[in-house]
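In case it's useful when we look at the structure, here is the feature table from TrEMBL:
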type     : residues : note
DOMAIN   : 13-108   : domain 'Fibronectin type-III'
DOMAIN   : 112-210  : domain 'Fibronectin type-III'
DOMAIN   : 215-312  : domain 'Fibronectin type-III'
DOMAIN   : 316-416  : domain 'Fibronectin type-III'
DOMAIN   : 403-504  : domain 'Ig-like'
DOMAIN   : 506-599  : domain 'Fibronectin type-III'
DOMAIN   : 601-695  : domain 'Fibronectin type-III'
TRANSMEM : 719-741  : transmembrane segment
Amino acid sequence: MIIYLTVKEPPEAPGRVEVLEVASRWVSVAWGAPYSGHAPISHYVVQFHEDELGDSPWSNVTVGGGSRTARLGALRPATSYTIRLLAVNDVGAGPPSESTMAVTLQEAPSGPPTDVVAEPTSSESILIRWKPPLVSYSHGEILGYQVAFREVSSATPGAQQVRSVRGRNRLEVTLPSLRQYTRYEVSVRAFNLVGSGPSSPQLYVTTLEGVPDMPPQDLRCTALTSQSVRVRWEPPPLERRNGVVEGYKVFYKHANPRQGGSPDVEVKKTTNLETNLHGLTKFTNYSVRVLGFTAAGEGVRSSPIYCTTEEDVPGAPEQVKALAMTSDSIMVAWTRPSEPNGYIVKYFVYIRSTQNNGNKDVHKDTVFGDRELIFEARRLKEFQRYEFWMTAATVVGEGPSSPRVSQSPISRVPARIASFSRRVVAGAGQSVVLPCHAVGLPAPSRSWRGPSGGSIPSGSHHLKVLPDHGLALAQLRLEDAGNYTCLAENVFGRDEVMYGVTVQVAPSPPVLVVGSSTAHSLALQWRVPDTGGSPITGYTLHYKNNVDDWQKVSIDSDRKMYNLEGVKCGNTYKLYLTATNAVGSGKPSQTTSAATKGGAPKVPVQDDFLVVNSTSVTLILEAWPSNGCPLLYFVVEYRPRGQSEWTLVSNNVQQEEMVIPDLAPANWYAVRVSAHNDAGSSQQEFVFATRTRAGEIIVPDLAPDVSEQQSTLYAHLNVIIPIISGIICTIAVSICVCIFVHRSLQQLGDVPTKLPLKLLAGYGLDQNCLIHLHIK
């Protein structure tokens with residue numbers, strides 16, 4: 001009788017679990033069948049838990065005893081799991097297998113960033129802040145964020161723009177170069193290697209108010225009276241107001257200031273689209289400009305328009321003389337009204353005898369024009385006293401009368417001058433005539449004295465006495481300024497008049513100073529030491545950088561500071577200023593140099609700039625440091641290792657990221673990128689290797705590129721050649737010394753075959769040479 005005894009025991013541990021396939025939500029594993037323990041394996045228990053949770057309980061998945069694979073589902077993306085296996089028979093469960101690890105693949109984030117806040121920081125920028133998505137929604141390492149924004153103020157919303165921010169912990173970004181006082185829609189989403197997650201709820205934010213960057217339109221003016229005008233305009237274009245226009249400022253001044261008059265600009269503020277300017281000077285041309293202002297400040301001034309107040313009746317002639325000419329005639333002379341208030345077309349001369357016992361008859365004569373301000377009254381009675389006065393008239397009417405003077409005709413007439421002493425103002429290079437009309441019987445002699453007090457010779461070509469005894473000053477110079485006196489004299493009397501001649505010149509060179517600067521503006525201020533005796537009517541600023549031609553801008557006379565806008569970032573500019581008055585433009589200021597802030601682009605770190613996979617490389621162009629000046633464009637080239645020719649991808653890349661596709665897996669490449677902004681450019685070459693098809697990083701190859709080897713060799717020839725030359729010289733010197741010592745010893749006689757090396761060393765020979773001599 002044979003008895004078979006079978007002892008059952010729990011199965012042994014299955015073979016090491018192998019991961020067959022991994023996805024973002026499941027893992028497929030396989031194993032080898034263990035020793036069953038003399039009992040069929042009824043099933044397997046696959047156990048797994050998340051590594052991040054530490055001592056968390058195992059999750060179990062049961063499969064049949066005949067299975068050799070299992071699929072673990074309901075896993076979390078981008079999570080590391082520890083997996084082991086137990087075999088079970090009817091005795092019980094055996095020991096667990098060795099643990100293995102598996103990491104699920106990433107998924108695009110399933111949740112948006114949280115606590116998104118948007119606030120304006122200026123009229124052209126918005127600051128966006130946020131927090132990362134919840135960890136349970138990240139589904140992998142967050143590589144960065146994409147901020148989407150678009151303009152929504154207009155009737156047709158603008159195209160959406162996206163700004164990428166790389167780095168999980170970069171949790172804010174400033175959106176620059178936006179439109180002023182404009183409403184924007186903003187959202188943020190996170191992205192990882194797989195893709196982008198959902199966007200946060202839209203936020204709406206409006207940039208701060210700016211100032212209008214265009215002046216009011218259709219500026220026009222109309223004269224109302226001799227002392228008022230009406231100015232009308234239209235608002236700046238809606239899209240250029242950059243805020244709520246709270247009102248307007250009207251700047252007005254004399255277009256051509258009179259001698260000694262004030263060129264100051266007057267300002268009137270209004271909230272309407274028209275205004276009346278009152279209290280103006282009669283029959284005067286005014287320059288008018290208008291600007292709009294918001295809460296942020298003043299906008300751009302309009303170009304000037306010119307309007308003239310209406311004519312009015314003139315003022316009274318200021319000075320009057322009545323001079324006896326003969327026994328029956330009197331000469332009357334007068335000066336123009338200081339306020340002509342229009343074009344004077346005629347003068348009325350009134351004559352009345354003062355000795356006609358109550359006869360109040362007044363004789364009225366008319367002098368047409370405004371050139372000869374002299375009238376001869378004839379057929380008068382000798383020794384009878386006459387009274388004279390006059391008025392001026394424009395097309396509007398006759399003005400008030402002058403002061404009254406009286407005179408009697410006589411036969412013995414003392415010398416008298418009909419001209420009036422006055423101040424004469426003229427510009428350098430101009431010519432003036434100083435009249436000297438004189439009366440007297442007998443006819444008086446006339447002479448001129450200059451500023452030095454000496455007589456003026458009649459033969460001088462610069463100062464010339466005319467046939468009518470007037471004095472002509474040609475091509476005035478600054479040294480011609482002074483007092484000129486005309487003297488008339490006969491046996492009955494003498495008289496004189498004096499002209500104070502002022503010579504105006506162009507303004508002196510301004511003193512120009514550059515204050516603060518930004519990337520696109522320079523703040524300037526200046527002073528003019530000497531106006532040349534005439535009010536400043538305007539300034540001209542000239543400027544250029546190292547590339548462009550000279551440009552110029554006109555500046556109002558009331559300005560002593562100016563903000564030069566629109567200059568290029570990171571550029572050095574040369575500037576000079578000229579001042580202008582009634583004489584002309586003066587000499588320029590000293591040319592000064594000033595630089596706007598910013599510089600040429602710097603070079604990024606390769607890890608921040610390149611994202612490499614198996615068949616492409618992504619250039620994160622926004623990671624290129626701009627150095628304060630906005631980047632304009634990039635030039636991108638690449639080549640495989642071993643090739644000398646570069647392949648141009650694009651010479652005008654302007655987007656924030658660029659992909660170079662169709663690369664070979666597990667190969668080395670070089671990409672050369674140059675970044676350009678207004679300040680200059682920078683270039684950098686990046687060497688990288690694409691990953692394998694399985695996504696693995698290949699081991700760096702220490703063998704350098706042939707082209708790089710040649711480049712390095714040629715680049716360091718200036719170092720290698722001196723070193724080689726030095727070595728050759730050292731060897732030559734050593735050989736010479738060896739030969740010299742050897743010959744010297746031969747002359748002394750036989751050299752001992754065992755001459756000590758130390759003795760030979762005393763000659764300063766190196767060891768090689770000493771050994772050689774010892775053998776010989």
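In case you wondered, yes, glycine gets a Cβ from its N, Cα and C as well.
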Looking only at the domain 'Fibronectin type-III' (506-599), what are its DSSP counts of helix, strand and coil residues?
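Residue counts for the domain 'Fibronectin type-III' (506-599) by secondary structure: 0 helix, 45 strand, 49 coil.
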Taking the domain 'Fibronectin type-III' (601-695) as the reference, which of 13-108, 112-210, 215-312, 316-416 gives the largest number of Cβ pairs under 8 angstroms?
112-210
Under the DSSP assignment, what numbers of helix, strand and coil residues are found in the domain 'Fibronectin type-III' (112-210)?
4 helix, 48 strand, 47 coil
Going by DSSP, how much of the domain 'Fibronectin type-III' (316-416) is helix, how much is strand and how much is coil, in residues?
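Tallied per class, the domain 'Fibronectin type-III' (316-416) gives 0 helix, 52 strand, 49 coil.
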Determine how many residues of the domain 'Fibronectin type-III' (601-695) DSSP places in helix, in strand and in coil.
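Tallied per class, the domain 'Fibronectin type-III' (601-695) gives 7 helix, 48 strand, 40 coil.
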Sort the residues of the domain 'Fibronectin type-III' (215-312) into helix, strand and coil with DSSP and give the three counts.
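Summed by class, the stretch gives 3 helix, 49 strand, 46 coil.
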DSSP says what for the domain 'Fibronectin type-III' (13-108): how many helix, strand, coil residues?
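Computed counts for the domain 'Fibronectin type-III' (13-108) are 3 helix, 41 strand, 52 coil.
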